[in-house]
Amino acid sequence: MADNAGEYHDAEKHAPEQQAPPPQQPAHAAAPAQDDEPDDDIDALIEELFSEDVQEEQEDNDDAPAAGEAKAVPEELLQTDMNTGLTMSEVEERRKKYGLNQMKEELENPFLKFIMFFVGPIQFVMEMAAALAAGLRDWVDFGVICALLMLNAVVGFVQEYQAGSIVDELKKSLALKAVVIREGQVHELEANEVVPGDILKLDEGTIICADGRVVTPDVHLQVDQSAITGESLAVDKHYGDPTFASSGVKRGEGLMVVTATGDSTFVGRAASLVNAAAGGTGHFTEVLNGIGTILLVLVLLTLFCIYTAAFYRSVRLARLLEYTLAITIIGVPVGLPAVVTTTMAVGAAYLAEKQAIVQKLSAIESLAGVEVLCSDKTGTLTKNKLSLGEPFTVSGVSGDDLVLTACLAASRKRKGLDAIDKAFLKALKNYPGPRSMLTKYKVIEFQPFDPVSKKVTAYVQAPDGTRITCVKGAPLWVLKTVEEDHPIPEDVLSAYKDKVGDLASRGYRSLGVARKIEGQHWEIMGIMPCSDPPRHDTARTISEAKRLGLRVKMLTGDAVDIAKETARQLGMGTNIYNAERLGLTGGGNMPGSEVYDFVEAADGFGEVFPQHKYAVVDILQQRGYLVAMTGDGVNDAPSLKKADTGIAVEGATDAARSAADIVFLAPGLSAIIDALKTSRQIFHRMYSYVVYRIALSLHLEIFLGLWLIIRNQLLNLELVVFIAIFADVATLAIAYDNAPYSMKPVKWNLPRLWGLSTVIGIVLAIGTWITNTTMIAQGQNRGIVQNFGVQDEVLFLEISLTENWLIFVTRCNGPFWSSIPSWQLSGAVLAVDILATMFCIFGWFKGGHQTSIVAVLRIWMYSFGIFCIMAGTYYILSESAGFDRMMNGKPKESRNQRSIEDLVVALQRTSTRHEKGDA
């Protein structure tokens with residue numbers, strides 16, 4: 001540990017018990033990693049070692065709370081009697097006035113949410129088609145179109161509701177508890193039942209669930225506010241001092257009166273401001289609306305061409321309206337929103353089963369395209385559990401003596417144990433001597449960590465009655481304690497300091513240990529190195545992330561040396577710098593463009609504060625990257641909201657969860673990478689369906705448009721409607737398909753998407769034209785297939801077969817046989833194919849005019865031939881770099897970009913200096 005980082009508390013800073021976990025664990029909590037030792041052995045060990053002290057602690061807890069006068073505050077919130085608390089009638093009255101103690105969620109009106117499934121460019125076109133059918137008194141088409149619109153809305157609404165139900169169940173498992181005094185009795189309640197004026201009982205390990213004030217006189221609490229303010233050290237709280245929701249009590253016991261709940265708390269107000277800053281339509285919705293708008297324009301262009309041809313042929317108005325209805329139905333895919341929503345909702349439910357709560361469905365698309373993941377270190381890359389290394393002892397001191405002394409300088413209360421105490425107690429399994437001796441010592445007085453002296457002190461009595469003072473803490477501060485008592489031999493002093501420097505350079509935190517036996521001088525004993533080791537799966541996950549084209553940047557509040565050592569162990573890059581080099585505090589002399597280059601090239605930053613996280617995300621986004629950000633505290637909320645995908649990690653505060661797009665209940669980076677793979681699979685399903693559905697619309701627009709213009713013939717309107725229905729019904733099962741995941745981030749490459757869809761649509765149109773002209777000749781018995789039946793049924797079957805089979809082409813990254821479709825998708829397509837064949841054979845829409853089996857078999861053969869041609873075409877275009885260049889062109893480089901970056905950073909620095917000057 002470096003000199004300036006040589007604080008005992010630095011070892012606690014990112015330790016697992018810094019902020020005690022909620023008393024109620026999620027019902028679906030992820031299983032611990034194989035090499036992570038559970039804390040159950042700690043409880044058993046404490047029971048064995050400190051049974052008398054634990055009993056005394058329990059007796060203390062049973063005492064009635066001490067009364068104390070509250071400090072005057074506005075209204076009557078602090079006038080509650082501290083012994084009796086509120087009455088139930090007062091609780092009900094205040095709950096009606098102030099509501100539940102929870103941040104308000106934007107509750108959507110179910111009816112309005114359902115109605116919104118009828119809003120959008122695609123839906124408007126279908127509604128226009130329904131009105132047109134009603135005007136033509138074509139009640140069959142009118143009913144079918146309305147049913148199609150209703151099916152789209154019902155499927156989308158039900159799927160989102162089911163996914164939301166799963167998320168709500170998981171959220172319930174995260175509920176906190178609160179110990180409240182009401183009507184003179186102590187009750188344990190759900191935290192959301194707390195109201196202003198309630199008296200809460202605080203104990204070591206309590207997570208404070210509302211804002212309030214300490215009301216116990218002469219009390220000394222230490223509260224961890226790192227989730228709110230980012231302060232690494234616990235804050236001292238005395239009578240009258242404010243407390244904030246999401247803080248954790250580290251030391252002491254007392255009472256507080258609740259002054260604010262829910263959205264009125266500091267956390268709630270911060271979350272409200274962050275959420276208010278977010279607005280606008282999601283990127284995915286913009287993509288769908290853009291596709292619908294372009295298809296609508298194509299429909300209008302097709303109708304213009306048809307109307308122009310009809311003008312010269314003097315076509316009747318009623319016939320023109322039929323043309324309009326047909327082209328409108330086939331030109332805009334009404335099922336597109338429903339299928340895509342279903343795909344994302346099913347994916348969200350699957351992610352929820354893997355402990356990832358998707359707050360909004362569009363986050364799935366964003367996560368699939370993430371190129372850079374800015375990850376915190378503690379708990380995500382590491383275990384968030386301290387482990388001890390090999391002790392360094394000075395001459396004449398054994399490792400057993402050092403461990404025994406360090407364990408004596410530990411809390412005797414189970415809830416008072418910090419991460420360092422737990423680490424030492426776990427280490428006793430490897431030190432049987434100190435373990436057997438520990439119970440023979442009696443602790444006379446224990447002084448918790450003092451941020452001034454940076455050490456923990458315990459006064460104990462040995463079995464022979466000798467009194468010993470034991471300390472552990474920041475190595476150089478422990479050394480100072482000994483030096484103030486007597487000079488230390490030069491060789492011991494040199495070896496001790498060298499070891500401190502060596503451990504710091506290797507990324508270890510270190511603790512100095514010393515003791516003073518009654519009647520003797522202080523004795524320096526040695527150093528115990530400790531570290532937060534990487535999770536067992538992190539190195540493998542980092543390697544997998546690289547394979548997936550994802551860059552992981554470490555952003556940590558730890559010292560740079562610690563961050564570098566962790567990065568080295570994980571196989572990450574070691575270009576990790578102090579966040580101060582970003583120059584956000586008004587300093588720094590790098591031009592803005594160089595700051596952008598610096599952030600882009602860095603593998604991470606140490607000694608990071610929330611403003612650094614926000615700046616890193618902003619810079620990467622301005623460079624064109626899609627960025628994901630992990631966080632857990634209130635101060636992380638702006639960064640989580642700023643990122644393209646905000647990720648609240650396990651144990652995150654309500655504010656962080658509210659600001660995030662995805663909330664993870666399972667610890668570690670592997671859960672995030674697994675979710676990323678799943679999101680890419682979901683994106684692939686959506687992308688393949690959109691290509692498929694646009695191609696179908698273009699296919700029918702091209703074929704029927706030319707057929708109307710050249711031949712002045714129109715397919716039966718009922719069959720046109722059923723073609724549209726079959727195209728969407730068959731592919732609803734795409735949500736359950738065995739989709740591959742891309743090995744690189746995926747985005748909506750719209751030029752390429754439209755290029756592929758257009759070419760495939762043209763191939764389909766040519767295939768349909770050839771089938772029609774070769775199988776159906778002018779006059780009886782002049783076609784290739786004799787006794788073929790009715791033209792509409794032949795066209796209907798060929799169009800249905802080739803369109804349904806297209807999904808097997810677009811769903812694969814390689815040849816169509818390279819990936820086996822799911823049984824749901826295969827079954828749905830087969831069922832629709834059989835139904836379409838029955839339509840053709842029995843002529844259900846042409847008064848029973850049947851088509852021969854021979855003709856039907858020939859149609860299947862023609863359709864399979866067309867399928868092979870479009871499969872080959874799609875594969876060639878998908879693998880062609882030239883096609884991509886033709887669709888996207890060369891990337892344009894902005895000459896002014898670096899100048900703009902220089903200006904932005906200069907303005908930020910000037911603003912910061914100005915604020916400092918005003919202060």
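Yeah, the Cβs are placed from backbone N, Cα and C, and that goes for glycine too.
Remember, predicted model here, so these are calculated numbers, not experimental data.
In sequence order, M554, L555, T556, T630, G631, D632, V649 make up the list of same-chain residues 6 or more apart from D376 (active site, 4-aspartylphosphate intermediate) whose Cβ falls under 8 Å from its Cβ. Marked as active site, 4-aspartylphosphate intermediate by Swiss-Prot on the basis of similarity to another entry: D376.
Neighbour list (D636 (Mg(2+) binding site), Cβ cut-off 8 Å, at least 6 residues apart, same chain): P610, K613, M629, A656, A659. The Mg(2+) binding site feature in Swiss-Prot is assigned to D632, D636.
What Swiss-Prot records for 1-16 is compositional bias 'Basic and acidic residues'.
For 34-63, the entry in Swiss-Prot reads compositional bias 'Acidic residues'.
Positions annotated as phosphoserine by Swiss-Prot, on the basis of experimental evidence: S89 (among others). S89 (phosphoserine): 9 other CB atoms within 10 A of its CB, across all protein chains.
Among the features that Swiss-Prot reports, phosphoserine is placed at S494 (among others), with the record citing experimental evidence. The secondary structure of S494 (phosphoserine), as reduced to three states from DSSP, is helical. Within the same chain, no residue at least 6 positions away in sequence has its Cβ under 8 Å from that of S494 (phosphoserine).
Look at Swiss-Prot and you will find S899 (among others) tagged as phosphoserine.
The topological domain 'Extracellular' annotation in Swiss-Prot covers 135-138 (among others) and is backed by sequence analysis. Taking DSSP states H, G and I as helix and E and B as strand, the topological domain 'Extracellular' (135-138) has 1 helix, 0 strand, 3 coil.
Per DSSP, the secondary structure of the topological domain 'Extracellular' (312-322) breaks down as 8 helix, 0 strand, 3 coil. What Swiss-Prot records for 312-322 (among others) is topological domain 'Extracellular'.
Per-residue confidence over the topological domain 'Extracellular' (737-752) averages 85 (mean pLDDT, predicted model). Among the features that Swiss-Prot reports, topological domain 'Extracellular' is placed at 737-752 (among others).
Among the features that Swiss-Prot reports, topological domain 'Extracellular' is placed at 846-858 (among others), with the record citing sequence analysis.
The transmembrane segment feature in Swiss-Prot is assigned to 114-134 (among others).
Packing against the transmembrane segment (139-158) from elsewhere in the chain are residues 113-114, 117-118, 123, 126-127, 129-130, 133, 325, 329, 334-335, 337-338, 341-342, 345, 717-718, 721-722, 724-725, 728, 732: each is 6 or more residues past its ends and has a CB under 8 Å from a CB in it. What Swiss-Prot records for 139-158 (among others) is transmembrane segment.
Annotated transmembrane segment per Swiss-Prot: 290-311 (among others), in sequence order.
Annotation source Swiss-Prot lists transmembrane segment at 323-345 (among others), citing sequence analysis. Long-range contacts of the transmembrane segment (323-345) within the same chain, counting only residues at least 6 positions beyond its ends with a Cβ under 8 Å from a Cβ of the stretch, are 117, 120-123, 125-126, 128-129, 132-133, 136, 138, 141, 145, 148-149, 151-153, 155-156, 159-160, 162-163, 288, 291-292, 295-296, 298-299, 302-303, 306, 310, 315, 361-362, 364-365, 682, 685-686, 689-690, 693-694, 696-697, 700-701, 704-705, 708, 714-715, 717, 720-721, 723-724, 727-729, 731-732, 734-735.
Per Swiss-Prot, the feature transmembrane segment maps to 718-736 (among others); the stated evidence is sequence analysis.
Taking Cβ pairs closer than 8 Å, the transmembrane segment (859-875) reaches residues 756, 759-760, 763-764, 767-768, 770-771, 775, 794, 797-798, 801-802, 805-806, 808-810, 814-816, 840 in its own chain, all 6 or more past its ends. Proximity of distant same-chain residues to the transmembrane segment (753-772), defined by a Cβ-Cβ separation under 8 Å and at least 6 residues beyond the stretch ends, is recorded for 294, 687, 690-691, 694-699, 701-703, 706-707, 791, 794-795, 798-799, 802-803, 806, 809-810, 859, 862-863, 865-866, 869-870, 873-874, 877-878, 883, 886-887. DSSP assigns D632 (Mg(2+) binding site) to coil in the three-state reduction, outside any helix or strand. A 10 Å cutoff on Cβ-Cβ distances gives D632 (Mg(2+) binding site) a total of 25 other Cβ atoms nearby, all chains included. Listed as Cβ neighbours of the topological domain 'Extracellular' (737-752) (distance under 8 Å, sequence separation of 6 or more from its ends, same chain) are residues 283, 287, 290, 365, 368-371, 547-550, 626, 677-678, 680-685, 687-688, 811-813, 819-822, 824-825, 883-884, 887-888. Each residue of the topological domain 'Extracellular' (737-752) gets a DSSP state, and the totals for helix, strand and coil are 3 helix, 0 strand, 13 coil. Taking Cβ pairs closer than 8 Å, the topological domain 'Extracellular' (135-138) reaches residues 318, 321-322, 325, 717 in its own chain, all 6 or more past its ends.
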